[in-house]
Amino acid sequence: MARGRIRARLRRSHLYTFGCLKPTTTEEVPHPLQGPGYSRRVLCNQPQLHEKNSLFYCKNDISTTKYNAITFLPKALFEQFRRVANIYFLLAACLSASPISPFSPLSMIAPLAFVVGLSMVKEALEDSRRFLQDIKVNRRKVSLHKGDGTFGLRSWQKIMVGDVVKVEKDQFFPADLLLLASSYEDGICYVETMNLDGETNLKVKRSLEATMSLDNDGAFKDFSGTIYCEDPNPSLYTFVGNFEYENQVYPLDPSQILLRDSKLRNTDHVYGVVIFTGHDSKVMQNSTKSPSKRSTIEKKMDYIIYTLFTVLILISFISSIGFVAKTKYQAPTWWYLRPDDIEYQFDPEKIGLAGMSHLITALILYGYLIPISLYVSIEVVKVLQATFIDQDIQMYDDETGTPAEARTSNLNEELGQVDTILSDKTGTLTCNQMDFLKCSIAGTAYGVRSSEVELAAAKQMASDLDDQDLEQNMEQDLDLSNFPMHKESKVPWENIAEDEESELGIVVNSRGDEDRRPAIKGFGFEDDRLMNGNWLREPNADVLLLFFRILAVCHTAIPELNEETDSCTYEAESPDEGAFLVAAREFGFEFYRRTQSSVVIRESFSAAGKVVQREYKILNLLDFTSKRKRMSVIVRDEEGKIILFCKGADSIIFDRLSKNGKMYLDATTTHLNEYGEAGLRTLALAYRELDDREYSDWNNKFQKAKTAVGPDREAMLDQVSDIMERELILVGATAVEDKLQKGVPQCIDKLAQAGLKIWVLTGDKMETAINIGFACSLLRPGMKQICITMNSDSVTNDGKEVIKGNILTQITNASQMIKLEKDPHAAFALIIDGKTLTYALEDDVKLQFLGLAVGCASVICCRVSPKQKALVTRLVKEGTGKTTLAIGDGANDVGMIQEADIGVGISGVEGMQAVMASDFSIAQFRFLERLLVVHGHWCYKRIAQMICYFFYKNIAFGLTIFYFEAFAGFSGQSVYDDWYMILFNVVLTSLPVITLGVFEQDVPSEVCLQFPALYQQGPKNLFFDWYRILGWMGNGLYSSLIIFFLVIIIFYDQAFRANGQVADMAAVGTTMFTCIIWTVNCQIALTMSHFTWIQHLFVWGSIITWYLFLLLYGMLPPKYCKSAYQILVEVLAPAPIYWTTTLLVTIACVLPYLGHISFQRCFHPMDHHIIQEIKYYKKDIEDQRMWTRERSKARHETKIGFTARVEAKIRNFKGKLQKKQQSSQGSLSPS
């Protein structure tokens, strides 16, 4: 408690010159709040008065569900009857109650009710998960003022506009609040907005001076005030309002607003009054309603059903025309039909009515062309596929105990057709942890540990070079020619000299580094030259001393002393700053204490551990902003010297160096380039000594600018600071690794090899996003960066059309540059910020912007709002017409997750909003590789094959009914018993097709990962294009013709019974149905690539079930089984013709398909066919070298990922070798 009070007494505003601008005078002009959009009035501490004053504000509970208790039934029914087949079966079920129906009502209504009901139950279960997570968020607790200065806990959902709440450290803000006071004396608090905009740096918020005194619970006993402000809107970075308090009106701006889902950091507590609640809050205004998503295959399935409907209507018309002709011209002569006593639907005198009646009968009769069980079978298969995704141990995160979760199963197959991934950065690619890894001091590089990027690239390069060496000795081996490959000339590993090896970027000593982890969080540095006081023996020990002191002094952090261990932890604005302080402590310069005007450093100069406390008086602190890109602190040391310590972006610092300060510039620049290539974030460090008079003159100007009032105050401060931050002397540079989540570079590389495009959409600033781009190899040295920006002057001075024209010109020039590029290996990266993106997304520019983006290897959008993320996702989805996947972990990602075809949420530490809005959730980005390349590939092929087979079997079955009706005078008579027709889709053919959709594997999971180019079968839609669909339909047509006509020809005038009788309709129909059951089940057995005992059980068990059914059905009394009485035992089984016909027809039906697949595998094999053959003959085990070589070739050609980085290095290296050889040959040739 004591430490908290000491810390609270610090007036933190003294640490911020720019970050928390505030005039010292109270003569501020209130905002003019007139006109539409500014109608909100908040009565502070009196929420119950709002409704009395007709101010009806929404509640604070939120809902991300698709349905609620009222909308579930109508919306769910709408979802089901969006499927055209269900509309048909609904109409057929209604007509089945009429006398013209060929079937009983139960046989039509029961399957429809079962299918629709099961689908609705599945929808309800999936939406209930979102509902439960909404409840979890709505029931979070916060301390709320109950009256008389007392606070008590209340759930978020019960908070109302006007309530005063007290938020503790590390808690989320429950609504949008006006900051009234904080635990710091001057009303400062720190807010982490990573969940809103992706930025990791803490934001400084400051209360109005008038409310700073409300710093304890009792102060709110008589508190009241009124806020007049803007209406709810999605802008995260703006706020306009006035606060009427104690007869004064104070203007409000974004620096006093605390947004819902941001988090309080480094501050014990704050008090705030609720302005916007629930769906009125800015973060929820940025979200969109839960969309109804359908997969590409499901949409295409509608068109197939339209095709089948056309066929159904066509054959129904043919049947009706045939019926009318027969009824009008032949039926009156058929005396045995009693034409004198006939029903209206057969009356030749009323031929029009008879024709219409028969048309309806035919539409119902031939309905088996449309597979009613298709939808329910797909639902069952998708739920089981989702269960396998949930249970995949390879996607289980041990650290958090979080499995993968398919939150909706509607989009499983869509995972296998993704073309573009749009990813958040913070919390998705990175884990928001910085490690101090390397540094350059006095022109000398320190730090031998390799970054993750270097390790990944070194491994890949070693693998590539080894593979190329193998390739030289294997000219005659099998070639996977179907894969998209690119060949390099051979470079034997042993021919590379040591200096050339280092030029390739391979850090030989780092190969064992991967398993070593820094024991100290934030410090991954390894170099004995600087540790344990050894730096004193270095040549430039005085410069090293300055470097360490800059790290320890130049910051705005607060130390927290652990009295038990006598060591400090730090509350810093950014992870970078925290890493610098940890590094300084490990080097022997521990930041120990901060007072209002000084900092104390404990300096340890030797291994003996002698500690000296040095105090530095803080004279001025010029804090870091994204515009300045640097921070400085002016201190007076114990010897009385005045020194300016400065750290910032190297481009900014280098421009401010004095002539004498550039001694180490060239060496430091070289090191910075190396660090950047290794994916590290860099800062340059410099200093300047000042004399008293110079400082005094400058400080007078600075204080004058600081106390100025007016719009020019910030510009004046910037100008005066710029005067001081010049004539600097360069000391060195730091290199910090922004820790990527485990496996991110490898995952991105694998996804790139699978042919996927990856865009990064982040709220972070451009420099940070570019650093991460290098770290995960979305960017690489040599890649041409296209930065579309607009300068700050044009924003204020130029009109909208001028700005838009300038941006369009930049886009056009960049597009032209890409078109004119002749180097096939050239790679372009597009980088754009949020302000520019606002104009680029307008209707008359967005298509040109998209065209440019598609032409680039990688795209990074920085400083984008949640709304812009969603708009970019929509543009890519609609503009390219291809499947998009969005992945993120925070509330700021909800919009793009919902807008994309597939939304994936990272179940990280920053709330569950992204997961709640997502279709799939995983614990780490690296699991996306398995989710897409394995499960996506499998699910796509399974669903595609399953649907094609469904249409095949229903066409094969349904057309035989049509043929028989034509054969029987278009009478509307079915050749099959009603129970046969009911069981066909529900029992006898449903389970094998479900096993196909659940268990089928063209290749095992490890092969999917080894051959990522296999994934392209999905985006290219090789298994569900019209060629394949029509091929399966043609196969069904062929099978129906063979089954019907062969059976009819064989049975037509042959003796069937021992006494010479021919077969009746029941025997013919049952034999025909037996042939169908054998044919479709043998066909599915040929289709399967992967058999388990379950497939064998269901495929062959379905055939056995048919015979068991015939046996049991025939045992029923004739009243129930009608003409099928004892049909198997007494009629069919004793007749050899029944068994020989079944065998002959089955072979005739499956033979063409068997021939087709044999021809394809021999002469036009697909990628997976070749792999299956290699695996079958165990070549992957017997010939490991060949298998490794083929794996290295089986990559989709890509320009991103560390594989592309390595290949670029190898090309560069080869070019240098060729130049050396040419120059050496030139020097040896005679003059």
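Keep in mind that glycine also has a Cβ here, set from the backbone N, Cα and C atoms.
The feature transmembrane segment, as given by TrEMBL for the ranges 76-96, 979-999, sits at 979-999.
In TrEMBL, the annotation transmembrane segment applies to 1064-1085, one of the ranges 536-557, 1064-1085.
Among the binding-site residues Arg681, Gly763, Arg863, the ones whose Cα is located within 10 Å of the Cα of Thr426 (Mg(2+) binding site) are Gly763. Within the set of binding-site residues Asp424, Asp889, Asp893, the entry lying nearest in space to Phe624 (ATP binding site) is Asp424 (CA atoms).
For Asp893 (Mg(2+) binding site), the nearest neighbour among the listed binding-site residues (Arg681, Gly763, Arg863), judged by C-alpha distance, is Gly763. Over all protein chains present, the Cβ of Phe624 (ATP binding site) has 23 other Cβ atoms lying within 10 Å. Note on the binding-site residues Thr426, Asn892: the fewest other CB atoms within 10 A surround the CB of Thr426. Cβ environment of Arg681 (ATP binding site): Met434, Asp576, Ala735, Val736, Glu737, Asp738, Thr768, Asn771 lie under 8 Å away, each six or more residues apart in the same chain. For the pair formed by Asn892 (ATP binding site) and Asp424 (Mg(2+) binding site), distance between Cα atoms is given as 9 Å, rounded to the nearest Å. Across all of the domain 'P-type ATPase C-terminal' (915-1165), the predicted model scores a mean pLDDT of 88. Asp424 (Mg(2+) binding site) sits 11 Å from Arg863 (ATP binding site), taking the C-alpha atoms as the reference points. Between the listed binding-site residues, namely Asp424, Gly763, Arg863, Asp893, the fewest other CB atoms within 10 angstroms of a CB are found at Arg863. The distance from the Cα of Gly763 (ATP binding site) to the Cα of Asp889 (Mg(2+) binding site) comes to 13 Å.
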